[in-house]
């Protein structure tokens, strides 16, 4: 259901030249990311499926799913660009819900799968129990990946439900107004899409409330909680290796190479994800807390685009990390 309200300036400020240029450079970066990242992730998926180790290793099936998550995320670039150029959503309510949900799914899936990879490495290095080691098989790894995607689908259901189109009037000048539509998340207590409030001031407050709810939701489930678990696993791995030595932890020299190479890959992927998305979440929480610098619209827009572009490029960096790794250590991954 669409709502009409005059809050164009509340959302954007005036469309000045620097904002147009910022948006132009942002869109160019998204385009480059998609043109490079989509084929790169396809190459990774193809290489993993064709590899001999694919059906022998839980690690490979996890990395395959990471590449799929990145590919799905980058595939939404045409909608993102079209919406940015037109400065209005024209694709209808269903695609709006799908677009918001798919973006969140990348956060949830990437962090969850990285957590699964960290857990896999933790079992390989820190746990010598034979029963636990049975987890490290292709079939069990596949089951865990399927469960991960089910969790992701459950996590994005609220986003799909509350995704909505908000129509507003953008006051270009004293005599000219343009009707625009935004695809966004709006908290609604009813099934028919009615919002909590009807007058303009309360409606804007409702938008702020909705934004805070979903920022906290995606930040917790898609970033901070999974990363805490990921770094706890890797901290335990580092502690175990430093305490007992790599020879004690992994006896065979061949297995040692296989184990520690894939562990380094997992750590590198986690490091890149942590730092690529950190600026994005810094911007989001700065907006929520009304930090003084966010009141400067030109600065906010420039930093926001930079932060999102950096996070976007994480899905481009991942496949090249794996390709470089596999080329150097193709005989040692398990």
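Note: Cβ is positioned from N, Cα and C throughout, glycine not excepted.
TrEMBL tags one of the stretches 182-205, 302-325 as transmembrane segment, and that stretch is 302-325. Spatially, the transmembrane segment (61-82) is adjacent to the transmembrane segment (302-325); three or more Cβ-Cβ distances between them are under 8 Å for residues at least 6 apart in sequence. At the 8 Å Cβ cutoff, the transmembrane segment (28-49) and the transmembrane segment (140-160) share fewer than 3 close pairs (sequence separation 6 or more) and do not count as touching.
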